[in-house]
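Please read the structure below before turning to the comments.
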Amino acid sequence: MTPQAKLIFTASLLLGTTITISSNHWIMAWAGLEINTLAILPLISKSHHPRAIEAATKYFLTQAAASALVLFSSMTNAWHTGQWDITQLTHPTSCLILTSAIAMKLGLAPFHFWFPEVLQGAPLTTGLLLSTAMKFPPITLLFMTSPSLNPTLLTCMAILSTALGGWMGLNQTQVRKILAFSSISHLGWMTIIISYAPKLTLLNFYLYALMTTAVFLTLNSIKTLKLSTLMTTWTKTPALSAMLFLTLLSLAGLPPLTGFLPKWLIIQELTKQDMAATAIMISLLSLLSLFFYLRLAYCATITLPPHTTNHMKQWRTNNRTSTMIAILTVSSTMLLPISPMLPPIL
């Protein structure tokens, strides 16, 4: 792909995201989502591999269906209330349809099946965009409409997401699929709190995006796509592998790393809302995803177990470990001490 084409698609992604997050009218939000979908498709299918073409097709079909549902829900609401404003979504049927549409856009259970397949077919850099930037516009729509949506439905979907994200990631050997299930699990944490403390959802999303970016850029730097190649990288880039280990544990939400901060605040808020049982359930379900993060971390640093998988050993990697990875990994592991500054913001 030529640099000019990349520039056009990246600019379109920025434009689509900006239009959606800054719009008050449903049609503008829908137009931004469509621009985003069309801009990311060439980036998914740029390798022309059959797996990449399949991923792009699946992505297009699910996103087109979700966009149609967004339009349908906003039109139904406008028909009954005369309002096109995003924050004025009051009709119950529209709220239900919109919840399904945004769940489909985000890859939230039970509409999550497309996400691991698409991420597996896309290159690592595009996978990073799909896991972070492409989730920002739907999250902002969820944020703006959260007072109107059904909290019980969102809680059920969130618990299902955390359970399925952890459960289905246990048996994976492909790193991109593991990160896809990790994303589904994190979305569960974001959704469970959106009706009660929407700013916590955004904080969780920002920190998740920070940690996932660090992991994807590290994997891209060491050219790793599956666990068997991850096992051999620690001999070549030991410092980077050690930081990847810490970033993965942070993504799992272990104290005293950054990833513990949103989980701690969400559990605290759920307890305040008399939802202690829900908090216990989602905390226990996140132990499932902790298992596959530990597997990744184990393969990245701790030891090289005996294995008979045939794979190409890399002679060396490009040792241009960028400043960006350094900044992101430090932020992904050391932001917990800022937590006393957060209560005024939240």
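Each residue, glycine too, has its Cβ placed from N, Cα and C.
What TrEMBL lists as domain 'NADH:quinone oxidoreductase/Mrp antiporter transmembrane' is 23-288. The domain 'NADH dehydrogenase subunit 2 C-terminal' annotation in TrEMBL covers 290-342. Sequence annotations record features per position, and here TrEMBL assigns transmembrane segment to 56-76, 96-115, 152-171, 178-197, 203-222, 234-255, 275-294, 322-342.
Within the chain carrying the transmembrane segment (96-115), a Cβ under 8 angstroms from the stretch's Cβ atoms is held by residues 33, 58-59, 62-63, 65-67, 69-70, 72-74, 76, 89, 130, 135, 137-139, 141-142, 145, 149-150, 153-154, 157-158, 160-161, 163-165, 180, 183-184, 187-188, 191, all 6 or more beyond its ends.
Among residues of the same chain six or more beyond the transmembrane segment (322-342), those with a C-beta under 8 A of the stretch's C-beta atoms are 203, 207, 210-211, 213-214, 217-218, 221, 240, 243-244, 246-247, 250-251, 255-261, 264-265. In this model, the domain 'NADH dehydrogenase subunit 2 C-terminal' (290-342) carries an average pLDDT of 77. Long-range neighbours of the transmembrane segment (56-76) within the same chain, counting only residues 6 or more positions beyond its ends whose Cβ lies under 8 Å from a Cβ of the stretch, are 26-27, 29-30, 33-34, 37, 40-41, 44-45, 84, 89, 91, 93-95, 97-98, 100-102, 104-105, 111, 114, 117-118, 121, 130, 141.
Below 8 angstroms of C-beta separation, residues 96, 99, 103, 108-110, 112, 116, 177-178, 181-192, 194-195, 275, 278, 281-282, 285-292 of the same chain, each at least six residues beyond the ends of the transmembrane segment (152-171), sit close to that stretch.
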